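Lifted from TrEMBL, the feature list:
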{"type": "BINDING", "residues": "SER27, GLY28, GLY29, PRO30, ASP31, SER32", "note": "ATP binding site"}
{"type": "DOMAIN", "residues": "354-421", "note": "domain 'Lysidine-tRNA(Ile) synthetase C-terminal'"}
Amino acid sequence: MDIEKRLLAFFAEEGLPLEGNFLVAASGGPDSMALLDLMRRLPGGFQLYAAHLDHQLRADSQKESQLLRAYCHKYQLPLYESVWPKSLHPESGLEAAARDYRYNFLFEVARQVKADYLLTAHHGDDLLENILLKLVRSGIPREMNSLKPVSQRGQVKLVRPLLAVGKADLLAYAKKQGLEYVEDETNFTGITARNRLRQEVVPLLKKESPDLLENAWRFSQEMTAEEDYFAQAAGKLPEPEPFFGGWRIPKAAGQAESELVKAYLENFIQKKYNKRVQLDRILLANRQSQEKGGLHLSFYQGHYWLYPVKQPAPSPLEEVVAGQPFFFRGNCYLLSEEKREESPLAEISFPGKLSAGSLPNGQRLLLKDGRRTKSKKLFAAAGIPLALRGNCLSLFAGQEAVYVAGCYQQAVKEGKRPLYLYQVKTCKKGR
């Protein structure tokens, strides 16, 4: 099957209609020029756009811009261009920073042109190199399958339609069509691990198996099918519950098979924090703590807990006045003498002077029988992890704690007028 027919088959198999707005990420290299030309020739009622970012990483980088302008002018294709200022180039991590800046630019252009699809020219050799590179670095299957043919990014689909096509096929197509392109000379140096794999390892593997690229594509498809299965199964589990600045995982979800729990948590983290993390399945199965992407995952009192590693410092106690809203940890609260329709968070005696904040360390709390107990015992009994205890609102009457969210509340004293604690939407005065 020739490359044009393979491209048509890809869109049909993925259920992507050739209509709407298509944006091609064009670098001026042979791969993206072949993709741009292939898309230009496809039948269909779609609008084709091109976007190019000059990274200014090479002295001759403007040649790519000139080539693309000439091609797009010839075929009347809208071209969007930008430059990555040298002042923004970091001293280290240049490759990752360049990729991030490029994708930010591409998604901004996609937003401007209301693109339905953003197409990149990643091909079969890129897929193989990615699998090998991630195998060397981590051996985590999900990382090895990070180059997916179709993925949703906000309002646009990121599409890689050439993953089943080899680099040699794209070069042959470019030659056949007489396409001009610019070769990135840095691809032929050994300065990166990917380049060393491309030059030294992949040629040997291809000699061992002429079906190597086809096998890499099959591996990717198998992994995607497995990930989709676990994602669907995880979607049937109850959602994590917001809990004092973190997330408590319902027992029904936490008690599922460990591979399913892993998929459930990874999908939630990606959806909630926009981070792709790979949780350690052994630590997860043994219910041991781990930190990934700035998030802490642990098992405590029968639940998995997920929360940011960096927690705010405890909030000092500050005076609050009945009838005047106050802030705590980004939320707005109100102590009211009037009972509202909604259920109050707490009901306390009206002692006069009140203060609110985080419970000080070592605070002892008065029990009904007159004895006092350490606050950490009540926090533990309520299943609140140590890292989240500073996020629990506490109310003081003088030096005496009368309420601690989630674990403690003094009863309203007989003959005393009660105050009702509510969480409110805004902190406007007089509410």
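Just so you know, glycine gets a Cβ as well, placed from its N, Cα and C.
Annotations in TrEMBL come from automatic prediction, not curation.
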Self-check item: Helix, strand and coil counts within the domain 'Lysidine-tRNA(Ile) synthetase C-terminal' (354-421) (DSSP)
Solution: 13 helix, 25 strand, 30 coil
Self-check item: Residue among the binding-site residues SER27, SER32 whose Cβ has the most other Cβ atoms within 10 Å
Solution: SER32
Quiz item: For GLY28 (ATP binding site), what is the secondary structure state per DSSP, taken as helix, strand or coil?
Solution: coil
Self-check item: Site with most surrounding Cβ atoms, counting all protein chains shown within 10 Å, from the binding-site residues GLY29, PRO30
Solution: PRO30
